[in-house]
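A.B. asks: Take this structure first; my questions come after.
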Amino acid sequence: MGRAKKVVLAYSGGVDTSVCIPYLKQEWGVEDVITFAADLGQGDELEPIRQKALDAGASQSLVGDLIEPFIKDFAFPAIRANALYEGRYPLSTALARPLIAKRLVEVAREVGADAVAHGCTGKGNDQVRFDVAIAALAPDLKVLTPAREWGMSREETIAYGERFGLPAPVSKKSPYSIDLNLLGRSIEAGPLEDPMVAPPEEVFAMTRSVEAAPDASEEIEIAFEAGNPVGINGQKLDPVALIREANRLAGIHGIGRLDMIENRVVGIKSREIYETPGLLLFIQAHQELESLTLAADVLRSKRQLEMQWADLVYQGLWFGPLKDALDGFMDRTQATVNGVVRLRLHKGTATVTGRGSADSSLYVPEMASYGSEDQFDHRAAEGFIYVWGLPTRLWSASQRRSS
């Protein structure tokens, strides 16, 4: 008897998920493998991917358009949270996994499957994200993980697929593993596994090099309402169009490349190359607007919780209780994050040159000015300083007595 009768497999068209199809049927006795591929704006022609799954032995090959919920329900919360894992990575890949897992469970329910499957290996982050999300959403569903259990090297995996007529997808000329969606691209493997090897220009597709970026700078304005980006240069755009336009503008000027050593959930360090031009641009502008519209104690507390929010998403805990509680805090802070931020884009950098909020700014010129319009009561400072410094004076006096 097989491990499951009917399985819905999260499918990307890559080598691991393609080999999963014959492996599930031949080695684990699964009768019916249905694949699900998510359209997250990666730009691939999905019909060839759908057909590839059928050619590999899938009984059905489904494709779901998830672009709009991906941006509205996953990318926008990350922008509101200024989510940067380890202070740098804006979670472009990690944000996609809970959405795919959610839809995978829904498809499994629709077709009456008794299990779901994915092609994640045993040393990556995605296995954690999928397994934990599925367990939270559908604890009764089995999760089959052939790529984690089959013990084959990449070369052996490709050879196994060739036995069932699957073409080898990676050549010696292009040894990189690439994951992409509308938010960005992640590139790893091959020569990049040596952290001293500079990434060649051929691995980038969304951004120009600094050398190829225009010599002239460009100023843009990004508008926000309740913490969400809503327009660029005075033009209101829907969420998907906003991301596309931000990707275009930032990419032209060489903004959005990351080369970092990151700490994976499973405890190892990995070298990752990312392109996330639009997402990084929005987070930078959003942070700047918050500095204008949030009270000091709220801003400081939020900056601390942002790191925890990013950690939870990276670690696959999107559907967990702490992430849910932090969402409530993040959303509550965003009611006043309304306004416009102006940035100058030039040769790989985005520099804030202005920010304004008609109804939510906590910057009061009459209080901040040193000119004749100054309304700050300077005389009140003496009493404030006396009380503020009292604990320090008392502690210093005690130190002098003890010595």
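Every residue gets a Cβ built from N, Cα and C, even glycine.
When I checked Swiss-Prot for this same protein, it listed these features:
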- Ala10, Tyr11, Ser12, Gly13, Gly14, Val15, Asp16, Thr17, Ser18, Ala38, Gly119: ATP binding site (BINDING)
- Tyr89, Asn125, Arg129, Ser177, Ser186, Glu262, Tyr274: L-citrulline binding site (BINDING)
- Thr121, Asn125, Asp126: L-aspartate binding site (BINDING)
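Describe each of these features in terms of where it is and what it packs against.
C.D. replies: Taking a C-beta cut-off of under 8 Å and a sequence gap of six or more, Ser12 (ATP binding site) has these contacts in its own chain: Ala37, Ile49, Gly119.
Counted within 10 Å of its Cβ, the other Cβ atoms near Asn125 (L-citrulline binding site) come to 19, all protein chains included.
Note: Asp126 (L-aspartate binding site) has non-local neighbours Thr93, Arg97, His118, Cys120, i.e. same-chain residues 6+ apart with C-beta under 8 A of its own C-beta.
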A.B. asks: Give the sequence-ordered list of residues that share a chain with Ser186 (L-citrulline binding site), lie 6 or more positions from it, and have CB atoms under 8 Å from its CB.
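C.D. replies: Ser186 (L-citrulline binding site) has long-range Cβ partners Ser92, Thr93, Ile178, Asp179, Leu180, Glu272, Ile273, Tyr274.
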A.B. asks: Cβ neighbours within 10 Å, counted over all protein chains: which one of the binding-site residues Ser18, Thr121, Ser177 has the most?
C.D. replies: Ser18
A.B. asks: Thr121 (L-aspartate binding site) to Glu262 (L-citrulline binding site): how many Å between their Cα atoms?
C.D. replies: 18
A.B. asks: Look at the binding-site residues Tyr89, Tyr274 and tell me which residue has the greatest number of other C-beta atoms within 10 angstroms of its C-beta.
C.D. replies: Tyr274
